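Participant: What Swiss-Prot records for 1-14 is compositional bias 'Polar residues'. Look at Swiss-Prot and you will find 15-27 tagged as compositional bias 'Basic and acidic residues'. The annotation N-linked glycosylation site is assigned in Swiss-Prot to ASN11, ASN125 on the grounds of sequence analysis. Per Swiss-Prot, region 'Disordered' is recorded for 1-43. The transmembrane segment annotation in Swiss-Prot covers 132-152, 169-189, 199-219, 230-250, 261-281, 290-310, 365-385, 403-423, 447-467, 471-491, 510-530, 544-564, and the record cites sequence analysis as its basis.
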Amino acid sequence: MSHATDSTLDNASVDSEKVRDFGDDLQNHPVQPTRSILSKIRSRDDDARSLVSNNKGVERIISDLQEGAGQLGPLEQPYDIKKIETHPDPHTDYNEADPWKYPIDSESGLRLVEWVDGDKHNPKNISKAKKWLYTLVLGAVCFVVALGSAIVTGDMERPAEYFGVSEEVIILASVTVFVIGFGVGPLVFAPMSEEVGRKPIYVVTLFIAVVFIVPCGAAKNIATLIVCRLIDGIAFSAPMTLIGGSLADIWEGPERGTAMAIFSAAPFLGPVCGPIFGGLLCDHAPTWRWIYWTFLIVAGVFYAIFIAIVPETHHGILLKKRAKKLRKETGDSRYRSFNELQIRSFGEVAKTSLLRPFVLLSELIVFLMTIYMAICYGLLYMFFFAYPVVYQQGKGWSASLTGVMFIPIGVGVIIATIAAPFFNKDYNRRAQVYRDRGELPPPELRLIPMMIACWFVPVGLFAFAWSSYTWVSWAGPCFSGLAAGFGFCCLYNPANNYIVDSYQHYAASALAAKTFVRSIWGACVPLFTIQMYHRLGDQWATSLMAFISLACCAIPYLFFFFGARVRTFSRYAYTPETNTK
């Protein structure tokens, strides 16, 4: 299940809390065409703080940054520099060492470093071939990470026997702590990437994740497995969190739909393929440790491919590096990127990334969408343990043959991925009516795919429930996964989009809250699934979850008809009149 698609997304946006208490070096100086008004400012990055205090020009830029936040889509909310109007001084001078010839901004007195037309270093200007290469590599990494959460479910008995622990404990050690890590990591890695870029986070966290697969496979006691799987889950959450932002960096909005659909499918296909590969290793590998050794090889190979191919794509970081280089080469301290005007203390970062997500859970839209997505995520992980109960314990099948039964879920995900561009086209058609009138499209337009897809999940669950008798053909519970897989994937992106459009500047925090709660619930479900099936029976255990998912079908309809009214009572929801509160 995607964390990236949240998680995505989940980078902190620019808001009014980011800019305050900046120092007092600058007053309202008139701009001199040949003499720097920033002569007291050294070229060190931490001196950028003194650029903005009491400078009305910079304050206006910051205001534009705030208004431009939230324009890049469901998985990341950076500022859109194209929406920021600068005013070059008509008497500006140019530095010979500056190949881009940045002028002095008449309001701020800065040489504002941004992308120029046709800038070959702009990630959005790279060739289509490279864009698709990066997209496929990023999607493959996301698939491998998601695979790691479920491949261990193919063989639970042998490690439990080796460590001398119960079924519940081995599930806790191999699945639960890993998924908990998925929820914790984004709270740290998303804001960190805004400061240092995406590539360093990818390189370090993936290296840690690959290294800690080794002690999992070599573990001599259950404590080692628990600790190392938790570290792996936290480290592997970084690419799940940041990949959506990387795709937003390279694709323009109208082009991004297909790339995002591929990325969104990868985190679903990974867990679905996990039991397939895990079951084969269970039946044919000499020891359960080969599950980890196989995953180590796959993860290591894709880590190397990723490092070799995908560059840094974060626009703010690339422009910050350019500004720093120009300051050094020209000796002119006025070269500043927009990122350098956004200065936050540690306390502000902590408040934004750690506290605000939980505050936003008090919002009805965030709360109900979080509950809905958490239930769907839990259902996916429920299947990993319900299928062995139905097929291995009920029908006496092998682990590898049971794993094959997950294929229809994957087919449903693929169908949903193919359908995604058509849903997106329908949204753009409906939204254009509002844009032609100079209005923002209402967020509720994002809910139409959810209103269609929500019914597929309970249908698939009821079909699984009442075709899972031992004397009924294997095909019933198997092909019920087709509807469930389609529903899971089709619900996910519209839910993210609706939250983003409803909260704009606070969308990153809202998505982080959803990711955290969803991960905690997804981690807990495997702990009681087997007991639930044994006590309620295969039919009523699945039916219970089907009834819950059926009740959740009311959520998209509720917000489609009443969402606008709900937002009027919100402290944080975005409106064109009030911007962000």
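Here the Cβ of each residue, glycine as well, is placed from N, Cα and C on the backbone.
Where in this structure would I find these features, and how exposed are they?
Facilitator: Sequence-distant neighbours of ASN125 (N-linked glycosylation site) (same chain, 6+ residues apart, CB-CB distance under 8 A): GLY118, ASP119.
Non-local neighbours of the transmembrane segment (169-189) in the same chain are 3, 6-8, 10, 148-150, 152-153, 156, 159-160, 163, 201, 205, 222, 225-226, 229-238, 240-242, 353-354, 357, 381, 384-385, 512, 515-520, 522-524, 526-527; each lies 6+ residues outside the stretch with a CB under 8 Å from one of its CB atoms.
Counting residues 6+ beyond its ends, the transmembrane segment (290-310) has Cβ neighbours under 8 Å at 133-134, 137-138, 140-141, 144-145, 147-148, 151-152, 154-155, 199, 202-203, 206-207, 209-210, 213-214, 216-217, 246, 277-278, 281-282 in the same chain.
Long-range neighbours of the transmembrane segment (447-467) within the same chain, counting only residues 6 or more positions beyond its ends whose Cβ lies under 8 Å from a Cβ of the stretch, are 376, 379, 386, 412, 416, 423, 426-427, 430, 473, 475-477, 479-488, 490-491, 493-495, 498, 538-543, 545-547, 549-550, 552-553, 555-557, 559-560, 563.
Long-range neighbours of the transmembrane segment (510-530) within the same chain, counting only residues 6 or more positions beyond its ends whose Cβ lies under 8 Å from a Cβ of the stretch, are 1, 3, 6-10, 153, 167-168, 171-172, 175-180, 182-184, 186-187, 190, 241, 353, 357-358, 360-361, 363, 366, 369-371, 373-375, 377-382, 384-386, 389, 495-496, 499-500, 503, 541.
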Participant: Which one, 132-152, 230-250, 261-281, 365-385, has the most C-beta pairs under 8 Å toward the transmembrane segment (403-423)?
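Facilitator: Out of the listed stretches, 261-281 contacts the transmembrane segment (403-423) most.
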Participant: So which residues does the transmembrane segment (544-564) touch in its own chain, when a touch means Cβ under 8 Å and the partner is 6 or more beyond its ends?
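Facilitator: The answer is 365, 368-369, 371-372, 375-376, 379, 382, 442-444, 447-448, 450-451, 454-455, 457-458, 461-462, 465, 494, 498, 502, 532, 536.
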Participant: Run the contact check on the transmembrane segment (132-152) against the transmembrane segment (261-281): 3 or more C-beta pairs under 8 Å, excluding pairs closer than 6 in sequence.
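Facilitator: Contact confirmed: at least 3 Cβ pairs fall under 8 Å.
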Participant: Give the nonlocal contacts of the transmembrane segment (365-385) in its own chain as ranges (CB under 8 Å, at least six residues past its ends).
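Facilitator: Same-chain contacts beyond the flanks: 1, 150, 153, 171, 175, 179, 268, 271, 274-275, 406, 409, 457, 461, 481, 484, 487-488, 491-492, 495, 498-499, 502-503, 510, 513-514, 517-526, 529-530, 533, 545, 548-549, 552, 555, 558-559, 563, 566-567, 570, 573.
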Participant: Go through the chain and flag residues at least 6 beyond the ends of the transmembrane segment (261-281) whose CB is under 8 A from any CB in it; none is fine as an answer.
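Facilitator: Contacts with the transmembrane segment (261-281): 1-5, 135-136, 138-140, 142-155, 240, 243-244, 247, 290-291, 294, 380-381, 384, 387, 398-404, 406-407, 409-410, 413-414, 416-417, 420-421, 424, 485, 488-489, 492-493.
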